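**Q** What TrEMBL shows for this protein is this:
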MOD_RES   K34  N6-(pyridoxal phosphate)lysine
ACT_SITE  S60  active site, nucleophile
Amino acid sequence: MNLQNSPIQKVKFNKFEYYVKRDDLLNNDFSGNKARKFYHFLVNDFPNIKKVVSHGSAQSNAMYSLSVLCKLKNWNFEYYVDHIATFLKENPIGNYKAALQNGMKIFEKELAKKFDENTLFISEGGAVKEAKLGIEKLAKEIEFWANENQIKKLKVFLPSGTGTTALYLQRYLSFEVMTCACVGDEEYLQKQFEYLENDNFPTILKREKKYHFGKLYKEFYEIHKELIKQTNIEFDLLYDSLGWLVFEKYVKENYDENTKYLYIHQGGILGNTSMIQRYIYKYD
Ligand SMILES: *Cc1c(COP(=O)(O)O)cnc(C)c1O
């Protein structure tokens, strides 16, 4: 599998111009920041490994991407969750359905504490140091583009879950990387950074109010639809709606005409199918 340089596209949203790094278009099956984070496992050889074990939610983008990786590598994939909603079990959809089709074995029970030498354990959301390799590649693509276009001042934004992508992007990029917390609060995100590295952290922009991950918010659905209308790009509902709310507010309050603003689209569109169902049911 060849993960080509993803394109960077100029869009206008509301009053401002932005560039969007289309990592959602990296590859049909293996895209977004999970493709970047798992790149190390894709391109290196692991002769001893027969199985990957991970854990998290039954709708996770990381779960789906790992199922693709395991299929490509001919590895078994075991995934542990606290709970699978009965509705989802009876009506598989989105990431869950696709991961099952890729051969994932899912368990509603606690994760073992130790694994044998033939097992590769990947912590929830792909928050692992090995994520460096693919994210360094992402940084290089951005540097190359900025150079080519003689962009001297650039602010880069991407919303965070575990914060792994934003953290390593800042590590390898000469421009400022900004992010916001989508899972947990700003304090949690800061701790995540510290868990992986000691310094050189991205800037965390504060959210207007508290949001709970996976809950439905009218303003998330509205900005999602507005983004499609104005930019013709579908963004993720869990991270990008909040990401755009935070980034747009920042740009509005700090606009500088000599600075370019780059938003990283981190994929996750397959996960939208179940979210959109819930939004339509609630608001339309
Ligand atoms: C996983 C994911 C994130 C969060 O990435 P982290 O590296 O955990 O911060 C953001 N957006 C999308 C679309 C994702 O799938």
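Glycine is no exception: its Cβ is also placed from the backbone N, Cα and C atoms.
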**Q** List the Cα distance (Å, whole number) between the residue listed as 'N6-(pyridoxal phosphate)lysine' and the residue listed as 'active site, nucleophile'.
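**A** Spelling it out, the Cα of the residue listed as 'N6-(pyridoxal phosphate)lysine' and the Cα of the residue listed as 'active site, nucleophile' are 11 Å apart.
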**Q** As a test of the contact definition, list every same-chain residue at least 6 positions from S60 (active site, nucleophile) whose Cβ is closer than 8 Å to its Cβ.
**A** N95, E124, G125, G271
**Q** For S60 (active site, nucleophile), what is the secondary structure by DSSP, using just helix, strand and coil?
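**A** Where S60 (active site, nucleophile) sits, the three-state DSSP reduction gives coil.
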**Q** Take the Cβ of K34 (N6-(pyridoxal phosphate)lysine) and count every other Cβ within 10 Å, whichever protein chain it belongs to.
**A** 28
